[in-house]
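Over in TrEMBL, the protein carries these features:
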BINDING   B:C12, B:G13, B:L14, B:G15, B:T16, B:V17, B:G18, B:G19  NADP(+) binding site
BINDING   B:K106  NADPH binding site
BINDING   B:E191  L-homoserine binding site
ACT_SITE  B:K206  active site, proton donor
DOMAIN    B:358-434  domain 'ACT'
There are 2 protein chains.
Amino acid sequence: MATLKPVRVGICGLGTVGGGTFNVLMRNADEIARRAGRPIVIEQVAMRRDNPDCDTTGVKTTSDVFEVAGNPDIDVLVELIGGYDTARELVLTAIGNGKHVVTANKALIAVHGNEIFQAAHENGVIVAFEAAVAGGIPVIKSLREGLGANRIEWLAGIINGTGNYILTHMRDEGRAFEDVLAEAQALGYAEADPTFDVEGIDAAHKLTILASIAYGVPLQFDKAYTEGISRITYDDVEQADNLGYIIKHLGISKRTESGFELRVHPTLIPKERLLANVHGVKNAIAVMGDAVGPTLYYGAGAGAEPTASAVVADLLDVARDITTDHHYRVPYLAFSGIHENDNNLPMLPMEDIVTAYYLRLLAVDRPGVLARVATILSERGISIEAIIQKEATEGELVPIILLTHRTREKHMNEAIRQLESLADIAGPVTRIRVESLDEQE
Amino acid sequence: MATLKPVRVGICGLGTVGGGTFNVLMRNADEIARRAGRPIVIEQVAMRRDNPDCDTTGVKTTSDVFEVAGNPDIDVLVELIGGYDTARELVLTAIGNGKHVVTANKALIAVHGNEIFQAAHENGVIVAFEAAVAGGIPVIKSLREGLGANRIEWLAGIINGTGNYILTHMRDEGRAFEDVLAEAQALGYAEADPTFDVEGIDAAHKLTILASIAYGVPLQFDKAYTEGISRITYDDVEQADNLGYIIKHLGISKRTESGFELRVHPTLIPKERLLANVHGVKNAIAVMGDAVGPTLYYGAGAGAEPTASAVVADLLDVARDITTDHHYRVPYLAFSGIHENDNNLPMLPMEDIVTAYYLRLLAVDRPGVLARVATILSERGISIEAIIQKEATEGELVPIILLTHRTREKHMNEAIRQLESLADIAGPVTRIRVESLDEQE
């Protein structure tokens with residue numbers, strides 16, 4: 001074995017993921033070579049500063065990532081610098097030089113992926129990005145290859161560990177969002193500016209990628225609806241619990257007759273779902289295929305070595321496919337001819353999605369309030385599944401909790417506008433979407 | 001796209017899985033062709049009788065599976081007849097004729113896999129078997145490719161749906177094993193002779209395959225320890241529940257310094273594990289890698305279309321690799337040179353495995369019984385984590401429930417022999433192994 005020549009890798013970026021990739025390639029070199037049928041060697045590392053976790057003795061280093069992109073001794077450039085502009089230029093340069101690319105950069109793929117794949121296609125090179133979604137979980141491989149027999153009907157995932165950490169601790173410890181966020185920041189699970197994670201932008205990047213490879217449509221990050229978890233209160237967490245639900249921050253994409261849903265938002269899901277039992281920083285993605293039925297993939301969504309696990313798995317694929325004609329490779333977004341295919345259904349605007357809802361209203365304790373609320377809903381064809389009305393202390397506002405059946409978001413928006421205009425209702429109506437996600441059906 | 005010529009498939013067996021495969025290939029033909037970059041067409045079907053779920057109009061059929069193996073118009077033979085001898089002969093004939101093979105036959109691969117892969121290697125053909133383990137869950141692809149960066153440390157799975165169905169209903173409904181088994185037979189979830197499923201043989205076939213591709217060692221079904229669920233009582237289920245555990249029938253394989261564990265048996269696992277929340281006929285496999293940490297794969301482990309999903313995914317892989325030199329293909333058992341590699345650690349005999357234990361004893365309510373039990377355990381270095389002693393009604397035997405820390409099976413066997421020889425202890429000691437499976441660590 002290993003009579004084939006080694007695959008030579010240039011790692012750009014030796015931060016958390018770059019360091020992890022370096023260490024996994026070094027530590028498991030023998031097993032990796034037995035798997036690939038040939039060694040995978042680190043030819044060069046581009047880094048701005050030393051990583052104390054990595055022993056780069058004997059490895060060629062540079063501070064200029066573009067040196068790696070131009071190095072004729074390198075077969076595969078591993079882009080682990082993150083960000084948009086430099087990463088895009090670096091990847092396009094490497095592709096232009098005929099190099100294969102492996103990246104963990106979800107923002108880059110979600111926003112510039114169509115352009116990058118087009119360039120890669122023209123140059124006959126691979127661009128692999130398993131590490132861009134859900135860290136070490138092989139969900140891209142599962143979707144693109146393992147479930148290749150299926151029409152994917154929907155997928156839903158916990159694809160941001162920070163958000164799940166916060167929601168887990170809010171629920172388990174009865175704490176407020178801000179309080180847990182501060183703790184997550186102190187522990188290094190959340191950034192100083194947490195917007196990217198808690199407002200759902202990171203999750204929307206990943207969801208955009210998952211949806212494209214699920215349905216074989218171009219990447220459309222700008223069409224994703226994004227709502228964060230910063231307005232979730234412990235009261236909502238508790239009410240959801242009473243109703244048999246857990247609140248998770250999910251990326252959800254569904255195939256419908258008129259188009260695809262693409263949305264990130266807090267979601268009530270039944271407690272018995274496996275997704276509801278995914279705690280802390282872990283990730284999981286449920287995928288429904290027409291043949292296989294419900295499936296689920298679980299693991300670490302971030303971190304040095306979990307993400308490295310996915311980067312190195314991509315390197316193994318590259319090692320196997322490096323001499324293969326590109327017609328025989330797995331298409332970047334799972335399907336051939338995506339860009340020639342004009343039959344694609346659109347990504348639906350949020351007003352057109354259909355889901356169930358949890359509503360929390362603060363009402364003046366007056367006769368007829370509930371009747372007025374129910375009338376507004378029923379006039380828009382929204383039927384109520386459950387109502388909880390807490391007992392009022394005299395003179396105080398009464399919270400009313402409603403669960404509705406499925407309806408179009410547009411009708412719910414109208415209903416909420418009208419509810420908020422009622423004299424009986426104080427302040428804004430809290431609205432959280434509800435999904436049954438019948439993964440055990 | 002689709003300028004490449006079609007891949008021509010011969011399906012042998014049009015029963016449950018064969019029928020599902022036929023229907024999925026027909027229904028999703030367009031999407032499958034867009035994924036493979038070329039059509040996958042059914043060239044011939046060998047069947048003993050019509051399948052009322054399949055419309056074979058216009059498809060060439062035969063009643064002789066060996067006709068398919070000799071048909072020069074066929075690129076890939078899909079073996080879905082099951083069993084050992086004819087299946088082995090069919091697959092070896094197809095391989096000898098230079099055909100690629102896709103099979104869902106776990107017994108065939110677990111027992112004759114080494115011979116089949118050797119023949120396939122010599123003939124430069126692919127033998128793919130995703131459907132042999134856990135139906136539609138792409139766990140073989142995940143282990144062989146998605147986790148290729150990792151040294152796999154352990155795996156544990158619910159890999160027999162019948163057994164999980166029975167345990168789920170025993171627990172949820174407080175029923176006895178025999179009662180739920182009879183129901184499962186009536187519903188078609190269990191065979192008239194349920195031995196294969198409930199005694200763990202089917203699970204041991206699958207575990208054998210998973211362990212080989214996890215560690216890169218030859219298939220060794222004869223080394224698997226197999227214990228069924230027929231002796232589990234509702235009392236054990238209830239006691240486990242009180243202690244915070246659920247009883248699942250697991251296939252478990254671990255890498256240790258002295259060898260690999262390979263065992264199928266009822267197991268207490270903590271309630272909060274995702275595996276503990278996998279109900280009914282569903283399957284799930286937890287896999288721990290040194291880089292990725294804990295991961296889990298969940299879905300339907302059997303059934304016509306879920307299994308077909310895996311068969312067709314294999315056909316997609318064959319379609320991509322059909323022209324590839326076999327050096328570049330994923331090795332059958334994940335690693336190159338398995339048969340040349342004489343450094344393989346052995347599969348450990350059951351006496352040498354290390355685990356924790358749940359014990360249930362029936363004791364005469366006499367002073368000093370507990371002390372005598374504790375002494376026997378401590379003399380063998382077995383320490384006790386928890387004891388539950390129920391109150392005795394006068395003159396009755398008292399159940400004593402013990403949870404121990406981890407110890408070597410050999411020591412536990414000796415301890416149990418001595419416990420059973422005590423005059424204070426009535427009847428055999430019930431012993432169920434306990435695993436923490438820190439999948440959320």
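Just so it is clear, glycine is given a Cβ too, placed from its N, Cα and C backbone atoms.
What TrEMBL annotates, mapped onto the structure for a quick look.
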residue : record                    : Cβ neighbours (10 Å)
B:C12   : NADP(+) binding site      : 28
B:G13   : NADP(+) binding site      : 26
B:L14   : NADP(+) binding site      : 24
B:G15   : NADP(+) binding site      : 15
B:T16   : NADP(+) binding site      : 19
B:V17   : NADP(+) binding site      : 27
B:G18   : NADP(+) binding site      : 27
B:G19   : NADP(+) binding site      : 24
B:K106  : NADPH binding site        : 25
B:E191  : L-homoserine binding site : 14
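Other residues of the same chain near the NADP(+) site, with their Cβ within 8 Å of the Cβ centroid of B:C12, B:G13, B:L14, B:G15, B:T16, B:V17, B:G18, B:G19, are B:I11, B:G20, B:T21, B:F22, B:M47, B:N51, B:L80, B:I81. B:L14 (NADP(+) binding site) sits 23 Å from B:K206 (active site, proton donor), taking the C-alpha atoms as the reference points.
With DSSP states grouped into helix (H, G, I), strand (E, B) and coil, the domain 'ACT' (B:358-434) comes out at 24 helix, 33 strand, 20 coil.
Nearest in space to B:K106 (NADPH binding site), taking C-alpha to C-alpha distance over the binding-site residues B:G15, B:T16, B:V17, B:G19, is B:V17. Shown in sequence order, B:K106, B:A110, B:A132, B:V133, B:A134, B:G157, B:I159, B:N160, B:G251 are the residues of the chain, 6+ apart in sequence, with a C-beta less than 8 angstroms from the C-beta of B:K206 (active site, proton donor).
Separating the Cα atoms of B:G19 (NADP(+) binding site) and the residue listed as 'L-homoserine binding site' is a whole-number distance of 19 Å.
Distance between Cα atoms for B:G15 (NADP(+) binding site) and B:E191 (L-homoserine binding site): 15 Å, as a whole number. A gap of 19 Å separates the Cα atoms of B:G13 (NADP(+) binding site) and the residue listed as 'L-homoserine binding site'.
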